[in-house]
Amino acid sequence: MSPTMVEHNGLDIMCLNKYCHSSSSSSSSEHDKKIFSKLKLSLSEEYPRKNAEILSGQYGTNLLLIGAALMLAIAHHGPSVKEEHLLSFVTCLMILQLIWMMWYILVRDRQKNTRTEKDVHATTCWIRGGLTLLALLSLIMDAFRIGYYVGYQSCVSAVLGVYPVIHATHTIAQVHFLWFHIKDVIKSFETFERFGVIHAVFTNLLLWCNGVMSEAEHFLNNHKRRLSALGYGNLTIVHSEPHCNCTTSTCSMFSSSLFYLYPFNVEYHIFVSAMLFVMWKNIGRTIDLSSNRKRLATKTQGLTVGPILGLLALASTIGILVVYVTHVEESLKMRQSAISMFYIYGIVMLVFMCSAGASGLLIYRADHVPLDTSKNPSRQLDTELLFGSSIGSWLMSWCSIVAVLGANSSPPYRWTNLIYSLLIVLEKYIQNLFVVESLYRKQDDGEREEPELPAAPEIFSVTSSLAPPYNGIINRAYETPDRNCSTMENEQEESGQVYRCPRKPSEVLLTAGNKVKEPTNIKRQILKNIAVFLIMCNISLWILPAFGCRPQYDNGLEQETFGFSIWTTVLNFAIPLNLFYRMHSVASLFEVFRRV
């Protein structure tokens, strides 16, 4: 072999090795680039969204804590922090929310041509109608506040006059927002919108806390006056009246009427915050079209027993409320009889509610239907709020049980208080299970769709053999109805119109005026009656504590065991949660009624 050939071959081998090395390095660099691009893509898509959720959540939590700190300072009644400071802070938050809502509405108006995805489960018309009614009562309360300020404007801060004006404006704008935009699934300016929505959530939570604090202070002062009349001393009653004379004759009427409207204002703000929280969870969410269906109209056949028993419960509740409020401030014997009457009434009511809920659960156990595990932020929030708000009444009930078993005194209502407290715990167990199972049960296809019409003679059919075949546009639209049905059925425009897919020609029948009745379902009718009865009972149990029927303040057993300050702290925490639980149960049970 010649040296030239060896040299040539060596050069060839060296060149080949060099080429191979450069090829492997380039492929590895391309592989690294792919990994880096994937990492960059994941960082740019997932982490900023999670960061926006965490940052906005921390922002809202700190807003709430600032307001809570101001409320605690005001509760001390010190000279440094006064009610005007809290109202100024909340007024600024409402103004910021108004600015954000106006910006959001203007942006949506400019994007009329682009379709906005909507979550049909976010709310219903009847919930928004109920919130509108609560908003109207809140506007009446704002009018009373303005009238109260006019009477005392010479000696009170101007914030007391500005606050109700801004609150009324905020209420009107927020109701408009709830009616037309609460179902929106936001896909643009997501980070900014997260902060805007969470700001609205915690602004309403602060307004709820402010109303709860004012209402609790009012009931606490009434309780102290009652104890002072019975001979108990060392109780400081806070007088909130301004140190000047009212220039009108209606100041006392305005101030006394405010506390009858507080329960409606409190429920309004807590419900709005829950709905806005669902909107916050929906930001950037991909809607599952198969589960995002608008349900059919609710049928009400066979509703007799549930509404009748519910109306009886509601009527007896009004009677108990009137008797209790008028007799609890009289002599010791009348007060004890009023408290005993309340506990007996409560025991009867709770026994019927437990029986109704247990009957509904037994009916569900008889039907082996799987649960629906699809993602639904509204339903998940309903479940969490039911369990979370149950804690208040459970704490109050267990404190009452401990007080009854350990008390030295033995008033006539001692053991009825024990039975009532145990039934409160049991009733919430059963009702929560009934509501959650109802909301999570998967509906059959036959229950979702309209009942099919029976076969008719061919002459009444659109596709009759007498008609000539037509292969134009209309026939081609029916060739693949299953593929386009879900998209057309779930597409909703800003006007709220729902586009439904057309039926196949073979399914469009022209019947000769014959009405087809759906076969009656006894189980379904029983469940509807149970839902209506529980709705009326929960309204009754909301009315009593909301308008002054609170025997936990007056029976003396818990106060003897835990002391005045500890027991009033427990009540100030538990009663607002219990009120919210009852009203939220009404909303959830109405949804159960519609789903059955």
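The backbone N, Cα and C atoms fix where each Cβ goes, and this holds for glycine too.
These features come from TrEMBL:
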type     : residues : note
TRANSMEM : 59-79    : transmembrane segment
TRANSMEM : 85-106   : transmembrane segment
TRANSMEM : 126-148  : transmembrane segment
TRANSMEM : 160-180  : transmembrane segment
TRANSMEM : 192-213  : transmembrane segment
TRANSMEM : 259-280  : transmembrane segment
TRANSMEM : 301-322  : transmembrane segment
TRANSMEM : 342-364  : transmembrane segment
TRANSMEM : 385-406  : transmembrane segment
TRANSMEM : 418-440  : transmembrane segment
TRANSMEM : 526-544  : transmembrane segment
TRANSMEM : 564-581  : transmembrane segment
**Message:** Quick check for me: are there 3+ Cβ pairs below 8 Å between the transmembrane segment (526-544) and the transmembrane segment (259-280), leaving out pairs under 6 residues apart?
**Reply:** no
**Asked** Is it true that the transmembrane segment (59-79) and the transmembrane segment (385-406) have 3 or more Cβ pairs under 8 Å, skipping pairs fewer than 6 apart in sequence?
**Response** no
**Asked** Top stretch among 85-106, 160-180, 192-213, 385-406, 418-440 for CB pairs under 8 A with the transmembrane segment (564-581)?
**Response** 385-406
**Message:** Contact between the transmembrane segment (301-322) and the transmembrane segment (385-406) is defined here as three or more C-beta pairs under 8 Å separated by at least 6 residues; is that satisfied?
**Reply:** no
**Same-chain residues at least 6 beyond the ends of the transmembrane segment (160-180) whose Cβ lies under 8 Å from its Cβ atoms** = 84, 87, 90-91, 94-95, 97-98, 101-102, 104-105, 123, 128, 131-132, 135, 138-139, 142-143, 145-146, 148-150, 152-153, 200, 207, 268, 272, 275, 494
